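Encoded as structure tokens, the structure appears first; notes follow it.
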Amino acid sequence: MKASMFLALAGLVLLFVVGYASESEEKEFPRELLSKIFAVDDFTGEERGCKGFGDSCTPGKNECCPNYACSSKHKWCKVYLGK
């Protein structure tokens, strides 16, 4: 009983997808869908002038961004709490 319900539901979903794809074929739906799925953001690799939370740092060099401080124990930038 459960298997037949699952197959019926899967068939309806497949029918819906095929119908939608055939209607959208004029708009190049498959190509557009694949390009959106496999799109890679353009990462320029710009470096910041400071290091953010969790970035490795050297204590005493003031490499971390404002509101962060280099932990002398762990050697990474942490949130500076003003102590």
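From the backbone N, Cα and C atoms, a Cβ is placed for every residue, glycine too.
Worth saying up front: this structure is predicted, and the values here are computed from it rather than measured.
As recorded in Swiss-Prot:
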type     : residues    : note
DISULFID : Cys50-Cys65 : disulfide bond
DISULFID : Cys57-Cys70 : disulfide bond
DISULFID : Cys64-Cys77 : disulfide bond
MOD_RES  : Leu81       : leucine amide
SIGNAL   : 1-21        : signal peptide
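Here the features listed in Swiss-Prot are placed on the structure.
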{"residue": "Cys50", "record": "disulfide bond", "Cβ within 10 Å": "14"}
{"residue": "Cys57", "record": "disulfide bond", "Cβ within 10 Å": "22"}
{"residue": "Cys64", "record": "disulfide bond", "Cβ within 10 Å": "21"}
{"residue": "Cys65", "record": "disulfide bond", "Cβ within 10 Å": "15"}
{"residue": "Cys70", "record": "disulfide bond", "Cβ within 10 Å": "21"}
{"residue": "Cys77", "record": "disulfide bond", "Cβ within 10 Å": "22"}
{"residue": "Leu81", "record": "leucine amide", "Cβ within 10 Å": "7"}
Query raised in the report: So of all those recorded positions, Cys57, Cys64, Cys70, Cys77, Leu81, which one's Cα sits nearest to Cys50 (disulfide bond)?
Result: Cys64
**Report entry** Subset of recorded positions (Cys57, Cys77, Leu81) lying within 10 A of Cys65 (disulfide bond), CA to CA, in sequence order
**Finding:** Cys77
Report task. Please report how many Å separate the Cα atom of the residue listed as 'leucine amide' from that of Cys70 (disulfide bond), as a whole number. Result -> 12
Report summary line: If you measure between the CA atoms of Cys64 (disulfide bond) and Cys70 (disulfide bond) and round to the nearest Å, you get 6
